């Protein structure tokens, strides 16, 4: 369906920022680390050659090869990149209506892109090569026919290549690359570039910066003179100094602001991201316009989110991804036949990952089904809510528990947490089965009450999984109270968890007058912490033998066997 009404573009952007704020983060240090590495390592003679090629009105195979080779080198240098991860949303990942909306949206995006790429305003393309199409246009102009589908400046830049699919994902700006190029090619210090782009980013929090704004800011920040005043167009590369590239870079280095540019898609949050996006879309009446032209904020977000299920949709390197959004994210609208009564779907259930088979999902469903929603259920995690590495659910009545692990995305943050809190080593959880933690959260009974010691992280974890229905009771023990049974619990139940093998060092500095005490202490294990908290409430050590509800074979990927 075509929509002719005007899009309130910036209002939509602000609404999406608010609605997806829980998925945004501060990424300035990561962007600058990549920018410095690119500035120090890349051959800027190659950059200049690519920029020259992209200024040509007709570009061929050699030009594309130069662009792809340079993009590959940039991708190799960057830590912030999107990787190839195809996703199929099925029943349980999203509600049926949400899946239908997503399928329709991706279909409309595909139509919009195809029309833009083929110049479809009633012009039959036929099975012609780019060079033949260009020749045909030249003949039509000679005969006095008006060229259809050209831009306002009459310039049509043409890629004459044998395989057009090689053009996919080779364009679009990357803030780290923009900052590096502005610094080196502009002969500036990186600090002055950062200050200038930060000003643009701050302006972007209240309006779309335009060329008049750029002129005014250039008076204060001389380095912005490098930003081109040409109108943006499709298929411009990250090596162009466009205003939109500068604004995106500025947005990425703001310390806060809930900027969409700082969203990261992971296998654990993908379905929650899509749910939240659809909620904002419905509330604001957003739509996809199939007519060729610039993408509106909703179209832009949906396309970027669905390009890869793992990476940085706006600001990461994505040149090594194959395919488009509608190729890499697909929707299964069928209903699977089930034997016996079907469990009601949980609105908050997260994305089913390819690593979990139907049998594994059935085992997890059975395990969660054994938890009694009418009795106390403790839940604790290790690691931040946005990147947890361990989760435990412990039900004292019945002596049952679910205990699982997850490989982190943020290795630096993980090492810091290991040193000062949980003592988990990467080698001990790198084979953790992906998807178990999120699947368990998605299966918890609706409106269940969960008991915690400190609820902020748990609330955020549930919100990220779309489980706002779950209720939390925070017992609010002091640090001393919570660790009262520390040694006794580790002695009795330490055999239940063998994944806390690092040395934990206290962050607190010792008072110079205090007696000497070893800085190391017992690590925090999510399962054993739950037992400690229950012991504190009981006023004595919990003594019952515990039963795991998940088999060990489900928690970790099988080790490869080597024959000698």
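Counting starts with 1 at the first residue shown.
Each residue, glycine too, has its Cβ placed from N, Cα and C.
Just so it is clear, the model here is predicted, and its values are computed rather than measured.
The feature region 'Binding site for the cap structure m7GTP' is assigned by Swiss-Prot to 54-236, with sequence analysis given as support. Under the heading Mn(2+) binding site, Swiss-Prot lists 380, 382, 529. Under the heading Zn(2+) binding site, Swiss-Prot lists 390, 497, 500, 525. The annotation site 'Important for exonuclease activity' is assigned in Swiss-Prot to 457.
In this structure the alpha carbons, written CA, of residue 457 (site 'Important for exonuclease activity') and residue 497 (Zn(2+) binding site) are 22 Å apart. Residue 390 (Zn(2+) binding site) sits 5 Å from residue 382 (Mn(2+) binding site), counting Cα to Cα. The least crowded of the recorded positions 380, 390, 457, judged by other CB atoms within 10 A of its own CB, is 457. In terms of local Cβ density within 10 Å, 525 ranks first among the binding-site residues 497, 525. In the three-state DSSP classification, residue 529 (Mn(2+) binding site) falls within a helix. The Mn(2+) site is defined by 380, 382, 529, and by the 8 Å test on Cβ atoms against their centroid, the other residues of the chain that qualify are 381, 390, 392, 422, 524, 525, 526, 527, 528, 530. In sequence order, 388, 389, 390, 391, 417, 421, 422, 424, 524, 525, 526 constitute the residues six or more apart from residue 382 (Mn(2+) binding site) in its chain with CB-CB distances below 8 Å. Around residue 500 (Zn(2+) binding site), taking its Cβ as the centre, 23 other Cβ atoms fall within 10 Å, counting all chains. A helical conformation is recorded for residue 457 (site 'Important for exonuclease activity') in the three-state DSSP classification. You'll find the Cα of residue 529 (Mn(2+) binding site) roughly 13 Å from the Cα of residue 500 (Zn(2+) binding site). Taking all protein chains in view, 24 other C-beta atoms sit within 10 angstroms of the C-beta of residue 529 (Mn(2+) binding site). In this structure, the C-alpha atom of residue 380 (Mn(2+) binding site) lies 15 angstrom from that of residue 500 (Zn(2+) binding site). Using the Cβ center of 390, 497, 500, 525 for Zn(2+), the list of other same-chain residues with Cβ within 8 Å runs, in sequence order, 382, 392, 422, 423, 424, 499, 523, 524, 526, 527, 528.
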